[in-house]
Amino acid sequence: MANYFNTLPLREKLNQLGVAEFMDRTEFADGVNALKGKKIVVVGCGAQGLNQGLNLRDSGLDVSYTLRKEAIEQKRDSWKNATDNNFKVGTYEELIPNADLVINLTPDKQHTSVIKAIMPLMKQGATLSYSHGFNIVEEGMEIRKDLTVIMVAPKCPGSEVRAEYLRGFGVPTLIAVHPENDPQGKGLVEAKAYCVGTGGHKAGVLRSSFVAEVKSDLMGEQTILCGLLQTGSILSFDKMVEKGIDPGYASKLVQYGVEVITEALKQGGITAMMDRLSNVAKIKAFEVADELKTIMRPLFQKHQDDIMSGEFSRVMMEDWANNDKNLLTWRAETGETAFEKTPAGDVKIGDQEYFDNALFMVAYIKAGVELAFETMVEAGIKPESAYYESLHETPLIANTIARKKLFEMNRVISDTAEYGCYLFDHACKPLLANFMKTVDTDIIGKNYNDGKDGAVDNKTLIAVNDAIRTHPVEKVGSVLRKAMTAMKTIKTV
Ligand SMILES: NC(=O)C1=CN([C@@H]2O[C@H](COP(=O)(O)OP(=O)(O)OC[C@H]3O[C@@H](n4cnc5c(N)ncnc54)[C@H](OP(=O)(O)O)[C@@H]3O)[C@@H](O)[C@H]2O)C=CC1
Ligand SMILES: CC(=O)[C@](C)(O)C(=O)O
Ligand SMILES: [Mg+2]
Ligand SMILES: [Mg+2]
């Protein structure tokens, strides 16, 4: 098998990379009907598998799980996830032959072996679905020509796919039909019904492509969503402790601050997040973010370049072949960081304090969201896709950090995302080393407004506000958020 993207002529590369059409809510008027009464069999019951299956069943669909034999025999967590939630569970041989829709939600590294095992069992004309394009695009997996191949990719960790559904909302989702596998022309209808079943149509859906999804998803997760949130959390905590701030306070400010700060981002974009700062703090955060963007831009571009060329996938698949040696080593190292090992202190931190005392966090989040968006768009990814992947998903990842720090984030996201997160973190920390020497507690740990009279230069403030509001991510974001009429405010600490 060869990287599918790299086999395409440039014209077709750009064509498939550029598919990202926002779908009007009326396009989902038929709800789940196209899949009503159909046998839906999910392969794997992990972060996406369990949570998507719960949503699909609650939406009135017939869902069961097929697990590898050892998972059933050993009653592994996946078996417990499915049976504790009263789903029917069976082996591939028992369930795949009667399935109308097989949803592959196993880890990317297992896709080739899983597809080779289940494809011969799939009935003529059935449909195979993925939630990430890696196997098709990066590995070039070829699927039996009578089968329809679709993708329904939530731009969100599995846990939040369920949490937003239970709030009566959903998560932005990319749907796609593989151009090499749509023999009956039913792919889009089934992908739409599946998307409605997960609740994604309430948050916003892009008709995308396997190429556009994978090249944007890998970039978002490696940089702003997981990589920079990891690097920023660790650097913020270490700086506060180095400067004598109580470790318990520092731990709580970072663990919960990222959720409180990015909740403003989710509701009103970077503008709303920055507006939570005083004028004098906003100008400082703007300046810090600008400096961070200058330092980190080459790293963001390298990640996008390596994703586009297939170099990232090649390097990660070497680790797969080496039994995940690097992934497991880096996971253990992260668990040993002081931030991870210091419990959040039993100290009261008010909502506004998370902004006033963590201006540096606001700054790196602004820098990361804008950089990820800018880098994706300049690489040919459409603004709508880049928005969902950079800005909207950041608070959803932050929710996992608020629950149980980087451990929870790296547990819930895919192994693919986790691997890319560590690659970024290892490169970003040394890149920011000199900058961090200039950082003091005025921008992380203490109230930046202390001792200041709040006066600012009018022209400077006007220019800063204008620059924030006119960034392209704000323009596309204000349009896409208007479609999120069912978005709920989450209760942060
Ligand atoms: N995690 C996330 O939030 C997101 C993930 N995705 C995509 O969703 C897909 C699933 O990812 P995710 O939910 O994170 O995966 P998880 O690692 O959470 O779950 C994987 C599931 O597959 C099973 N599994 C593992 N190895 C094998 C194997 N060799 N054969 C059969 N089953 C196996 C596991 O059960 P057991 O080991 O017990 O057999 C488990 O049930 C991936 O393509 C990912 O890129 C997309 C968006 C977000
Ligand atoms: C949660 C999600 O969208 C990620 C980060 O892309 C993933 O877990 O692969
Ligand atoms: Mg993703
Ligand atoms: Mg991903």
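In case you wondered, yes, glycine gets a Cβ from its N, Cα and C as well.
What you are looking at is a predicted structure, and each value in this text was computed from that prediction instead of being measured.
TrEMBL lists Cys45, Gly46, Ala47, Gln48, Arg68, Arg76, Ser78, Asp108, Lys109, Gln110, Gly158 with the feature NADP(+) binding site. Positions annotated as Mg(2+) 2 binding site by TrEMBL: Asp217, Glu389, Glu393. TrEMBL lists Ser278, Ser414 with the feature substrate binding site. Among the features that TrEMBL reports, domain 'KARI N-terminal Rossmann' is placed at 17-208. Under the heading domain 'KARI C-terminal knotted', TrEMBL lists 209-353, 354-487.
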Cα separation, Ser414 (substrate binding site) to Lys109 (NADP(+) binding site) (Å, whole number): 10
Fewest-neighbour residue among binding-site residues, criterion Cβ within 10 Å, set Ser278, Ser414: Ser278
Listed binding-site residues with Cβ under 6 Å from ligand 4, out of Cys45, Ser78, Lys109, Glu389, Ser414: Ser414
Fewest Cβ neighbours within 10 Å, where candidates are the binding-site residues Cys45, Ala47: Ala47
From binding-site residues Arg68, Ser278, Ser414, the one whose Cα lies nearest Asp217 (Mg(2+) 2 binding site): Ser414
DSSP state at Asp217 (Mg(2+) 2 binding site), helix/strand/coil: helix
Averaged pLDDT score, the domain 'KARI C-terminal knotted' (209-353): 98
Three-state secondary structure, which DSSP defines for Ala47 (NADP(+) binding site): helix
Three-state composition of the domain 'KARI C-terminal knotted' (209-353), taking helix and strand from DSSP: 120 helix, 0 strand, 25 coil
Length of the line joining the Cα atoms of Gly158 (NADP(+) binding site) and Glu393 (Mg(2+) 2 binding site), in Å: 12
